[in-house]
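Chemist: Dumping the structure here so I can ask a few things about it.
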Amino acid sequence: MAAPEVEAPETIEGYWVLHDFRRIDWPRWRSLPEAARSRLLEELLGFLGECASVEGVERGGSSRAYRVITQKADLAVIHFRPDPAQLFDLQAGLWRCGIADFLLPAYSYFSVIELSLYRGPSSRPEVMERRLYPRIPDRRYMCFYPMNKRRGERYNWYDLPASERREMMKGHGRVGHKYAEQVTQIITGSQGLDDWEWGVTLFADHPIHFKKLVYEMRFDPASSRYAEFGPFYIGMTASPQDITALLLGS
Ligand code: VOV
């Protein structure tokens, strides 16, 4: 029997990414005097403003804050940066804010924007640039979840010949393209970086698009046979006013 064709797809990487989810320690936060809460809030907003200021710089990165629904978290910050060391500083920067004493860790994820070249690189450099070094899309809702490709006895993605994986990724792309208008997807690779193999971050103006897309994809073989998923987090973009309203109720 011929040896199976074992060939990892070539990948190219862009921005490094940190997803940082926090839960507010409401009882302790509410027990602070109002002046102290205002001061800590101001400091947090200053920090978030500084994070977002890199967006004016070419390939400088991007940062956004989100409110998170369900009890899994209250707040999330997503950072894209060209150098992974910057993410270490950003993580420490949030911890150094006084309000960090009231922001309990809920979940976090470290990964890097990845294109797998199943179809070869795009011949248009500006397309590659936009996909590897994007701004965080200005869409109201964000959906994040980590995933693996299965390595079971029956279905093992990593044992498949490259040609079969390529065919399956074509099918995956076909389903995805139906939603290309409503949903922007940013796939980050985390093999060797975090507990799952990929991070999936989707952006849309309404969460119904996440449901429709993810449900339809469940029937596609690349997902139905081979994908395993971690927890889902849904966020809504949070402006400084939204964060103030959340934390001070005004
Ligand atoms: C808007 C929807 C959308 C679209 C258009 C889309 C297209 C594409 C293309 C063309 C390609 C391949 C080349 C590349 O660009 O890397 C990919 C790649 C990938 N995808 Fe995707 N995907 C979408 C959406 C989309 C979703 C919703 C998921 C989660 C799966 C689910 O069931 O919940 C996903 C996963 C992935 C993964 C993990 C990879 C990397 C696989 C690998 O083995 O390397 N993806 N994806």
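Positions of Cβ are set from backbone N, Cα and C atoms, glycine also.
TrEMBL labels come from automatic prediction, so no person has curated them.
Sharing the feature lines straight out of TrEMBL:
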type: BINDING; residues: Arg131, Tyr145, Pro146, Met147, Asn148, Lys149, His172, Gln185, Ser223; note: Fe-coproporphyrin III binding site
type: ACT_SITE; residues: Tyr145; note: active site
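Provide an account of the burial state, proximal residues and distances for the features listed.
Modeler: Arg131 (Fe-coproporphyrin III binding site) falls within a helical segment according to DSSP.
Residues within less than 8 Å, Cβ to Cβ, of Tyr145 (active site) and separated from it by at least 6 positions along the same chain comprise Gly199, Val200, Phe229, Gly230, Pro231, Phe232, Tyr233.
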Chemist: I want to check the contact list for Pro146 (Fe-coproporphyrin III binding site): same chain, sequence separation of six or more, C-beta distance under 8 angstroms. What comes out?
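Modeler: Looking at Cβ-Cβ distances below 8 Å from Pro146 (Fe-coproporphyrin III binding site), excluding near sequence neighbours, one finds Tyr109, Ser190, Asp194, Asp195, Trp196, Glu197, Trp198, Gly199, Val200, Phe229, Gly230, Pro231.
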Chemist: The record lists Arg131, Tyr145, Pro146, Met147, Asn148, Lys149, His172, Gln185, Ser223 as binding Fe-coproporphyrin III. What's the largest Cα to Cα distance among them, in Å, rounded to a whole number?
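Modeler: Largest Cα to Cα distance for the Fe-coproporphyrin III-binding set is 22 Å.
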Chemist: Reduced to three states, what secondary structure does DSSP give Ser223 (Fe-coproporphyrin III binding site)?
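Modeler: Once the DSSP labels are grouped into three classes, Ser223 (Fe-coproporphyrin III binding site) ends up as helix.
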Chemist: For the binding-site residues Arg131, Asn148, Ser223, which sit with their CB under 6 angstroms from an atom of ligand 1?
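Modeler: Going through Arg131, Asn148, Ser223 in sequence order, those close to ligand 1 turn out to be Ser223.
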Chemist: With Cβ-Cβ distance below 8 Å and at least 6 positions apart along the chain, what are the contacts of Arg131 (Fe-coproporphyrin III binding site)? List them in sequence order.
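Modeler: Looking at Cβ-Cβ distances below 8 Å from Arg131 (Fe-coproporphyrin III binding site), excluding near sequence neighbours, one finds Gly14, Ile113, Leu115, Ser122.
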